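Chemist: Can you keep this structure in mind? I'll have questions shortly.
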């Protein structure tokens, strides 16, 4: 699943919500969701600072027992008849089951469903049909026990259940999704979202990933509606009792897990293509918008053969459909053969979609299609191994996009979007290991987070680099062949990769997946003749400073080293498997620099001796360091300053060295960190000084880029055009928000022309212009923006506006935006980004948003309970605070307003608030003095 995760992204106005992918979903350009799968996040802080939580478990665990194995399903024959007017559905289940042990009861998962009748027919017809005499619902555990008057004997039989349920409005299970017809009439589609544990809301089932079966699905639907499921349609006939209905029957699925079953009933158009290996690909769009499916179709048609070749295993179904769903919590969901998406993660309008949206769609399509093999064909045995599913897909989506769009420089973007984001979260005392022992279903949603997705992807990238592509592919191939149509655990993949590479994979990787956190590598050097001697040590890195306790964990750290002679080439690789070591590099002259972790692949921070650092800094100004290494160096130092290991002033000095920087992603990461600093300093009386610093830093690149795209830019694949368009949007938005007068005046002029229809803004300029005019706007500006929102036909444009509305400054207008967030005009999944936009925009916005969340807690929690959106809402509302007493207030609020799916998020937010407060106390005066000194005329 792709979440719309809060990736660290730089446009304060970009997308990505967390938490989807499952593809937890958001970043600016790596959209600020993954939707991830959704980007606008920094890191978090603890209540009980003195205690280091290093447990593998969720807080306050509930007792949990998996389903008994005495009866298991072989095939589900399922017929569903949704009522799109009354929002109910009727269902008939005829499941072929195997009774392993004679028993007089069957325990299944079931939630929000009423069973009308249930019976069991032993195979062979000798036995009578046995009617169940009782249904005992265990609502807390989402189970039902069917009791029978006599024991069901060992062997096969058919379990028949008639049931009814509700098409809910909670974006999980079998639910209703609101849309408007081209004529403006409001209607509803019936759609599904089952991962992690919501298939049980659509039909009684064994809803655990390891209990796989085949499915024969039939849907009874209005004859003017499209009906889709995992497989192709094999029969369509009028319903005998009502000629306005059709009975649509689908082919038998392969053996699969319940969470990957899907069905959609609604009104859609589609575009169709065929991959070079013969798979029919369709992209379903809202009626009248088929054109907007073409880009995703093009990506999907290229992607299937790429994975086919990479895994050396063919895609096993005859077709794959990608469909845009109006109301959708995650970024996308990889249902086998029927992948569901938020509209913004699938639809691209050539005229009205910006470059970051195209990139986002490419990444999300790449992510979900990877799951068709890794997750669907081979499935994790239990949710403990979810990270492998999501971490792997979050890594390989970049490999796929790099193949399809080499001009996106996507691996550099990975470092800013996923790698640094994971480091920020994993430095917290309230992080968790990649592998978390999950029990109760309510615990599953909490691990759809940046650790599972972004740290998972980062350690797999490190592993791929350590093994090498050829052996990695060989190991992947044997893993998929060995476990196809079955379930596997993390260790099974390590075994296959170990056999392929001959390297100690399980030993190395368990240090990264079974313990939380990561090391800081401390490096010093001395010259001996023509040789450079490096002293390297590791200790756990914590957001509050280095770990100095007795029980300091160690990691097996793959370390690469390069020199100034050839910055792009690794001179030496070692595996650091002890707390410290000494390394000799031959033939390095005294004037050459030495750098650890070229390519920023190893998952760790680095602290160089001051002499080593000094020698690296010129490589930032003269660009001899690779972009990804310039980014990594800056990001490490920023993180060390937040942890109190160096002064923030040192980082500001370093940032000034980026004045010649041409690379979009380097600017994006720099911008993100300056955004964090700006937010921190909004608690002081010298916030304007940091705005001046931002204006000074961004003005030269702003002048160089200008407002108009150069020839060849913005016309895919125009080399460099994509990245120039992203950089222009980033820089203009940053300058506009910081109050750069020429940018503000030009933005107002262009906005006026846009609104009057004289000159429509290009899609790439809309976010920065909207942000700038709102930040420095009044009630008339806000009214105009809300009018544009109402008129927008495309969800991307609505979201673009929603994300920047919070930039408005006046308190009464901030209140108006917050009220708007809960109105009918905002789709339920997008309310979170409106409130988050307010919280992230200013000191007043932050206070107002938190008060709004508290005042409307019941409605918000009811809307998102148990899903990752509630965690995202809490994180976005709280992360900017920097006052100790706020941590206590937050803790107290959530003690009386329980949010089980967000317990860890709340702890992380409190930890972050305390870290921010400590940072401010420690460095505010020095920062202020430095900013004043910068402005002072030379003596």
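The backbone N, Cα and C atoms fix where each Cβ goes, glycine too.
Copied straight from TrEMBL:
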- 368: active site, proton acceptor (ACT_SITE)
- 367, 371, 390: Zn(2+) binding site (BINDING)
- 73-260: domain 'Aminopeptidase N-like N-terminal' (DOMAIN)
- 295-512: domain 'Peptidase M1 membrane alanine aminopeptidase' (DOMAIN)
- 453: site 'Transition state stabilizer' (SITE)
Chemist: What number of additional C-beta atoms lies within 10 angstroms of the C-beta atom of residue 367 (Zn(2+) binding site)?
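Modeler: Its Cβ shell of radius 10 Å holds 37 other Cβ atoms.
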Chemist: State the Cα to Cα distance, in Å, between residue 371 (Zn(2+) binding site) and residue 453 (site 'Transition state stabilizer'), rounded to an integer.
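Modeler: Just about 13 Å between their Cα atoms.
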Chemist: Sorry to bug you, but what's the C-alpha spacing from residue 453 (site 'Transition state stabilizer') to residue 367 (Zn(2+) binding site), rounded to the closest Å?
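Modeler: With distance taken Cα to Cα, residue 453 (site 'Transition state stabilizer') is 11 Å from residue 367 (Zn(2+) binding site).
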Chemist: What is the interatomic distance between the Cα atoms of residue 368 (active site, proton acceptor) and residue 453 (site 'Transition state stabilizer'), given in whole Å?
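Modeler: Pair distance, Cα basis, whole Å: 13 Å.
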Chemist: Take every residue in the domain 'Aminopeptidase N-like N-terminal' (73-260), average their pLDDT values, and give the whole-number result.
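Modeler: Result for the domain 'Aminopeptidase N-like N-terminal' (73-260): average pLDDT 95.
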Chemist: What's the CA-CA gap between residue 390 (Zn(2+) binding site) and residue 453 (site 'Transition state stabilizer') in angstrom, rounded?
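Modeler: So the alpha carbons of residue 390 (Zn(2+) binding site) and residue 453 (site 'Transition state stabilizer') sit roughly 5 Å from each other.
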Chemist: 10 Å Cβ neighbour count around residue 371 (Zn(2+) binding site)?
Modeler: 30
